[in-house]
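Annotated in TrEMBL:
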DOMAIN    287-520  domain 'Major facilitator superfamily (MFS) profile'
REGION    501-520  region 'Disordered'
TRANSMEM  72-97  transmembrane segment
TRANSMEM  117-135  transmembrane segment
TRANSMEM  142-160  transmembrane segment
TRANSMEM  172-195  transmembrane segment
TRANSMEM  202-224  transmembrane segment
TRANSMEM  295-318  transmembrane segment
TRANSMEM  330-348  transmembrane segment
TRANSMEM  360-379  transmembrane segment
TRANSMEM  385-409  transmembrane segment
TRANSMEM  421-439  transmembrane segment
TRANSMEM  451-470  transmembrane segment
Amino acid sequence: PKSCLVALSEFIYTECLSSTEMTRKEQQSIDLKFGQNESSTHKIDTQSVATMENNASNMSTRQNSFFPDGGYGWLVVFAATWCNGSIFAIQNSFSILHVMLVNANQQTNESVSQFQIAWIGALSMGMVFLCSPLVSMSTDRFGCRATAVGGSLVAFVGLLTGSFAKSLPLQYLTYGLLFGAGCSYSLQPTLVILGQYFQRHLGLANGLVTAGSSLFSVALPVLLEEVLVPLGLERTFQILSVLPLTQAALLGATFRPPPTPECHGDVQKTGHHCTLAEENTFSGIRIFCVPSYRMWAFGVAIAVLGYFVPYVHLMSFVQEQFEDSEQKEWILLVCIGASSGVGRLVFGHVGDLLPGLNKIYLQAVSFMFLGLASILVPQCLTFEGLVVVCVLLGVCDGCLLTLMAPVAFEVLGVQRASQGIGYLLGLMALPMTAGPPLAGLLHDQLGNYCLAFYLAGVPPLIGGLLLLFIPRMHHHLWASRAEMLPGLYGTKVRAEDSLPSQNIFTDGEPSLNKNEITQL
């Protein structure tokens, strides 16, 4: 069996070198799977090689259908921009809503604390991530359009009913749970559908979506502070509910799945387009069998424990720290939104230039600088210094959000990315929810926010350090995979040569593709 395998590999090697008309993408798309034990080796024969060669000419057409990389996809980018902008503008402006909620609740309940009020925003942001595994299954089952439209309508109901909530429990239910869950069901499909329409320009598309949505984050704080705050909390929630309602109509009109020529079943007979989700057989928690994904997911989950603290408590901190200042504190949120938009656009393009999992290095550095910015907040003795820190905070935020989906596609591939993003966001739910209330509790006990911001900067530093080890671990994984076939290679394979441009996994382990054989 070993000699047969060697002879077969030499035959494939010769055939690959003679196929000069094949492009690099076609070579990468052909996946030659070897057995992992002696019994599976017996099953490799010339018939599988013939089948592979016969299907090679169809691979390029199939890839182009999977990734239009333009055209109608840019309209999808516009709709995704509106969705992301509506959601994150409201979530990131909660620092202003936090002050309004404190004033409104103190009128009816004098014993209300920062800890109790912080739970409203924390629940909302936490639900965005907690519901993500369910959103992944819903996206795979019903498609991106139905899931996103349904989530937008739930978010609309949450904001509208929140305007009539006069007690903390009702505010937890409406703004915290309903609005947060609706945001989750409408946000995640925008990340998934971009991966269906783009491949070469996926980083740029994500950068445009997140950069465009940051315009909402720049404009909404001004609108809230200058126009809506004087109207009161009830009118503010009612006006904000228009955003997810408009979002539902826009997503319903644009989020159609791209057609693919090869699906399960005959497309021409059924008259229906099939989606990538229909071919998704890598379901459940099996994605955690992939070591690179497992370490990435838990590293990000650790890092986000202090991520949302500035967005909730920054306005209250400024009011306490700069009581005599005539500066308008909402300017800080504008600076965060503007710099985040620049960071998303720039790092979206930079991410396209970084091959494979090297994108994680950029994400890790961003987490560490974000933690440093949080630690520097209490050290700012002037308002201008705080503006500089907020700009740094926004740039790091833009980099993190832009690279989240491209890294998931690199680690798991197109068909697995939906569930990968879902489980990642689900892991982020608990730390994201716990961070702001814990910071509020420290404020209630100590009377200031200094220790809260110091501690909020520690988890991003730890998470960023963990992410730095992932690309190296991925190199060793592929190197050991190549060494499982002794005698197959005439020369030693370098670890960097054994890394594919796009990972394809079988039961948590990478498979050997034809591009790797031609490199030998």
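Each Cβ is built from the backbone N, Cα and C atoms, and glycine gets one as well.
Bear in mind that TrEMBL entries carry predicted annotations, made automatically and left uncurated.
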At least three Cβ pairs under 8 Å linking the transmembrane segment (421-439) and the transmembrane segment (117-135), pairs spaced 6 or more in sequence?
yes
Which of 117-135, 142-160, 330-348 shares the most C-beta pairs under 8 angstroms with the transmembrane segment (172-195)?
142-160
Of 72-97, 202-224, 330-348, 360-379, 385-409, whichever stretch has the most CB pairs under 8 A to the transmembrane segment (117-135)
72-97
Quick test of the contact rule: Cβ under 8 Å, at least six residues beyond the ends. What residues does that give for the transmembrane segment (360-379)?
296, 300, 303, 306-307, 309-310, 314, 317, 347, 350-351, 354, 386, 389-390, 392-393, 395-397, 399-400, 403-404, 407, 449-450, 453-454, 456-461, 463-468, 470-471
Quick one: find which recorded stretch in 72-97, 202-224, 295-318, 330-348, 385-409 has the most Cβ pairs under 8 Å with the transmembrane segment (142-160).
72-97
The predicted model's mean pLDDT over the domain 'Major facilitator superfamily (MFS) profile' (287-520) is 78
Looking only at residues six or more beyond either end of the transmembrane segment (72-97), which have a C-beta under 8 A from one in the stretch?
121, 124-125, 128, 148, 152, 155, 159, 183, 186-187, 190, 193-194, 197-198, 205, 208-210, 212-217, 219-221, 224-225, 229, 233, 236, 240, 243-244, 246-247, 250-251, 253-255, 258, 310-316, 330, 333, 336-337
